[in-house]
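Feature list (source: TrEMBL):
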{"type": "DOMAIN", "residues": "1-256", "note": "domain 'Acyltransferase 3'"}
{"type": "TRANSMEM", "residues": "12-36", "note": "transmembrane segment"}
{"type": "TRANSMEM", "residues": "56-73", "note": "transmembrane segment"}
{"type": "TRANSMEM", "residues": "80-98", "note": "transmembrane segment"}
{"type": "TRANSMEM", "residues": "104-120", "note": "transmembrane segment"}
{"type": "TRANSMEM", "residues": "127-144", "note": "transmembrane segment"}
{"type": "TRANSMEM", "residues": "164-187", "note": "transmembrane segment"}
{"type": "TRANSMEM", "residues": "207-225", "note": "transmembrane segment"}
{"type": "TRANSMEM", "residues": "237-257", "note": "transmembrane segment"}
Amino acid sequence: MKGRIKRVAIPYWKYALVCFPAVVYHYLKSGAIIPLNDFISYVFFTPTVEYRLFDHIWFIPPYLIISLCLPFLCGMIRRCNIPFILFSVVLVLLLLFNAYYPELLQTVIVYLFFTIWGLYYKKKLGWQILVCVIAAARYLIYAFGIERVPFDLQANKFPSNLLFASYGMAVLGIGGIYVKKGLVFLYDRSAMVRRYIDIYSKEGYEIYLVHPFTIILLGGIKRVLGLNQIIADHLYLQIVYIVSGFLFILCVNVYVLKTYNYVWSLINRAFKVVFPSKPL
């Protein structure tokens with residue numbers, strides 16, 4: 001458990017240090033210095049800065065809480081042989097009463113369920129996954145088709161609710177059946193696909209931390225070329241942009257991570273010059 005927390009916390013602190021000049025500039029631009037409470041929040045995984053560099057950090061507190069629960073859950077699943085579908089029923093029951101507990105706990109419940117799902121990856125769940133996917137799909141059809149709930153995943157993701165959980169269950173359930181087979185097929189036959197899957201498997205968390213730089217770069221390219229309004233006015237260009245933008249982010253993330261690691265190596269080298277006996 002300590003190792004899992006360290007693997008999350010230390011890369012974040014490195015990322016926070018690299019981004020700190022941008023945070024200081026953000027406060028100075030508004031004519032203030034960073035308050036102590038904001039600085040403490042920044043250090044402990046909850047930056048208060050409204051800035052694209054930190055929009056994705058929301059997941060760290062839920063993940064740390066989930067990490068505390070995993071040893072108990074792993075042992076319980078191993079000893080009691082609990083069927084996966086039971087956790088699905090518990091998820092639904094808990095989310096039906098989500099108005100009674102804080103947003104952080106709602107997020108933990110949903111992502112803890114998907115984490116538990118991952119603990120069953122060696123088992124053939126068969127009919128249990130089929131039941132979950134059908135139930136999730138029926139709820140999505142009811143919510144979007146009958147209740148006319150807006151299709152806004154971000155609104156349902158923060159905090160995570162039953163609609164978001166159902167969408168994730170349907171996508172991951174279908175993806176687990178078909179997309180996994182397709183990825184395995186491509187992995188065995190394409191060196192390029194194999195290269196990126198291997199990189200993302202090994203460096204996924206660090207890539208996730210630095211991917212805002214790639215998104216900012218992509219947005220800057222669109223803005224410089226004057227493509228924002230052109231893409232917004234044409235549906236086919238929006239579809240092309242979604243596909244090409246995804247591939248751009250997928251590829252460029254790797255080089256952004258290399259640049260980030262190089263910047264960190266410079267910081268580490270400077271630290272060693274100042275404090276030669278204390279490795280960073």
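Backbone N, Cα and C define each Cβ position, glycine as well.
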Lying 6 or more residues past either end of the transmembrane segment (80-98) yet within Cβ distance under 8 Å of it, the residues of that chain are 106, 109-110, 113, 116-117, 120, 123, 125, 128-129, 131-132, 135, 159, 161-162, 165, 169
Checking 12-36, 104-120, 127-144, 207-225 against the transmembrane segment (56-73) for Cβ pairs under 8 Å, the most are found for 104-120
Outside the transmembrane segment (207-225), at least 6 residues beyond either end, the same-chain residues with a Cβ under 8 Å of its Cβ set are 11-12, 15, 52-56, 199-200, 231, 245, 248-249, 252-254, 256-257, 260
In the domain 'Acyltransferase 3' (1-256), averaged pLDDT is 84
